[in-house]
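As given in TrEMBL:
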type    : residues                                                               : note
DOMAIN  : B:5-218                                                                : domain 'CobQ/CobB/MinD/ParA nucleotide binding'
BINDING : B:LYS11, B:GLY12, B:GLY13, B:VAL14, B:GLY15, B:LYS16, B:THR17, B:THR18 : ATP binding site
Amino acid sequence: MTNRPLITIKGTRDGLTLYMDDNCSFDVLMEELEKILSREQTDEDDPLITVNIQLGYRLLHKENEDRLREIIRRKNKLVVHRIESEVIEKKEALKWKDESDIKCYTQIVRSGQVLNITGDLLLVGDVNPGGKVMATGNIFVLGSLRGIAHAGVNDNKKAVIAASYMEPSQLRIADLISRPPDQEADGVYMECGYVDAKRNTIIMDRLSILGKIRPDLNGLERRILNG
Amino acid sequence: MGEAIVITSGKGGVGKTTTTANLGTSLALLDKKVCLIDTDIGLRNLDVIMGLENRIIYDIIDVIEKRCKLNQALIKDKRFECLYLLPAAQTSDKSALTPDGMIEIINELKPEYDYILIDCPAGIEQGYKNAVAGADKAIVVTTPEKSSVRDADRIIGLLEQENIDPPHLVINRIRNHMMKNGDMLEVDEIVQILSIDLLGIVADDDDVIKASNHGEPVAFQPNTRASIAYRNIAKRILGESVPLLSLDEKPTFLDKMKNFFAIQKRK
């Protein structure tokens, strides 16, 4: 065995960070962890300590992750905050990419048709009354939005809906729904809808506001920054 | 080899059958050999509008169930040598008509005729599927009403999934004064929403109803607004470019006088 310890513990303001060696076998690592934890003494009066775990280049299966959490949980005052790894599964990576990609469609979504996609939707064409577009991310319509648009389907309230011509029958973001006022209003050009965090409702505003309220829309690498 | 054109709308009562009868008549007037097919089993109307009701002996179901030959079921129009009608059945079971049966009939008609116009029933169920099955082209009829434009949009969406050319649009029953007041959707607005090529516009004219009730399509009449509109559409089907008819009514003598005095006053 090398001289380097398998597990390094660092205390920070936010709690403990455990750096785990990524070359040894998982069983050895767990034995080591139990050894270290049994050395630590905690009193009943101590406050809860959050633990961040850095796995390095080790990929944990669900079973192993549960085992890791179990060992730490056995120690009274420790709470696992998060487990971070430098690597992810290929499947997960592809899913991640799929969800953060912008999908471009050139078609007219007509009455009775539904366009449901993962990720951001860029629709070059109209959404006609009775038609529906759904996306897990944002929705951008280069055309007239006259039907229903549902952005952030998986409860993503950060999602926005933007259209060159906005005259929707309904806008939905995550689980919020809004519709235009009953006194028949004409549509508006270059508008967007987003969720106002304070009032928890969908707000309509001109397109130029997007840069201020959702600065992370700039650039394609934004999702990676957001994690 | 002829061309099969289905005339459809989704919504009922917008003028599919009237349009079919008048386009058939107009094409016949232009010396084309035309066959009209009524696919609205149980609610046939095309024979009534053409004034051929009392000549029906066999119908399309008889042809499909091989009780007669196709030629026996075809009814020759009383005015033209080159216009024929294949009537729908009024009593038979609806399910007897199938897409395959339609394709078979249309393929048999194609070598004989220049144009085969298929009158589609309202709705998007089996009847619609039968009517569209053998068609090469489609004409979508709509009126300047929201509900009928909505249904037209739905139909266009369904037609796009079929293996036929992009559909063309006919806007029927336009009332000019309502359009001007903004009480009806405007032609441009409809075309913008549906975003398909406009084939023609037809005014809502009393003459159309009058003529249909007499069993003589309005297209026969030399110069009502509707008959000119239908004949223009027929010319556009043949590939001629004809400008859209102005919807403005001809000023009456009284209007002219009023205008004249208005100008005088301004001076």
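Each Cβ is built from the backbone N, Cα and C atoms, and glycine gets one as well.
Nobody curates TrEMBL annotations by hand; they come from automatic prediction.
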List the other residues in this chain whose Cβ sits within 8 Å of the Cβ centroid of the ATP site residues B:LYS11, B:GLY12, B:GLY13, B:VAL14, B:GLY15, B:LYS16, B:THR17, B:THR18, in sequence order.
-> B:SER9, B:THR19, B:ALA122, B:VAL141, B:ASN172
For B:GLY12 (ATP binding site), the three-state DSSP class is coil
May I ask which residues of the same chain, at least 6 positions away in sequence, place their Cβ under 8 angstroms from the Cβ of B:THR18 (ATP binding site)?
-> B:ILE49, B:ASN172, B:VAL208, B:SER212, B:PRO217
PLDDT averaged over every residue in the domain 'CobQ/CobB/MinD/ParA nucleotide binding' (B:5-218) | 93
DSSP-derived class (H/G/I helix, E/B strand, else coil) of B:THR18 (ATP binding site) | helix
Give the number of CB atoms, excluding that of B:GLY12 (ATP binding site) itself, located within 10 Å of its CB.
-> 13
Around the Cβ of B:LYS16 (ATP binding site), other Cβ atoms within 10 Å, all chains included, total 28
